[in-house]
Amino acid sequence: MRPIAIIDYGMGNLLSVQKALDRLGYPVEVTDDPGEITAAPGVILPGVGAFADAMANLQQKGLVAAIREVAERGVPLLGICLGLQLLFSTSEEGGQVAGLDLLPGEVKRLPAGIKVPHMGWNQVRFPRPGALFRGIPGGTDFYFVHSYYIVPREEEVVTGTTEYGLEFAVSIQRGNLFGVQFHPEKSSRRGLEVLKNFGELVRHAGNAGH
């Protein structure tokens, strides 16, 4: 299996994600090279920080077109934390900022009156089956650090929700697109299982393509 590409655009906890996949036995490469990203059998878009800065960095490095090509070709693509948010159309962070627009919906700030960022362990419920959560019971705790949340326009893409001031989507799946708001690489054994499930999706997609 060729390495899974972890996109380096200057705004991710790349080492933790890389170490987690190494531990699981999947070959990985951290790269900002569009050619390596489009050639990879699976791609991970991590990220922490501001939405507008992230989009600016992706544009500057010529990675927006590469990510869109990966998505259109049916290659498994996983967004983590800010990486999940970037998959959507727009964010209200820093005004109205355009995202990758791979999924219709917007990113909103968590409501006033609760402690922001939402930081720590929280339960995730599964409103419908998701391939990332295979073998994981509903109500499992995962580790979060975020101030904004996704509002998908299509309810059927939502595979996980949590409650913090309000109930909101924290996991999506549509075709080859996957995303989680929590940090699987910081979520202990269950988080590793999420990454393993993604790794197996990549492996099977690669086998099916040959």
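From the backbone N, Cα and C atoms, a Cβ is placed for every residue, glycine too.
Around the Cβ of Cys81 (active site, nucleophile), the same chain contributes Pro46, Gly47, Val48, Val145, His146, Val180, Gln181, Phe182, His183, each under 8 angstroms and 6 or more positions distant in sequence. Under the DSSP three-state reduction, Cys81 (active site, nucleophile) is assigned to coil, being neither helix nor strand. The annotation active site, nucleophile is assigned in Swiss-Prot to Cys81.
What Swiss-Prot records for His183 (among others) is active site. DSSP classifies His183 (active site) as coil under the three-state reduction.
Residues or ranges marked as active site by Swiss-Prot on the basis of sequence analysis: Glu185 (among others). Sequence-distant neighbours of Glu185 (active site): residues of the same chain at least 6 apart with a C-beta under 8 Å from its C-beta are Asn13, Ser16, Val17, Lys19, Ala20, Ile80, Gly191, Leu195.
Taken from Swiss-Prot, the feature domain 'Glutamine amidotransferase type-1' applies to 3-208, supported by sequence analysis.
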State the mean pLDDT for the domain 'Glutamine amidotransferase type-1' (3-208).
97
Provide the number of Cβ atoms within 10 Å of the Cβ of His183 (active site), excluding the reference atom itself.
22
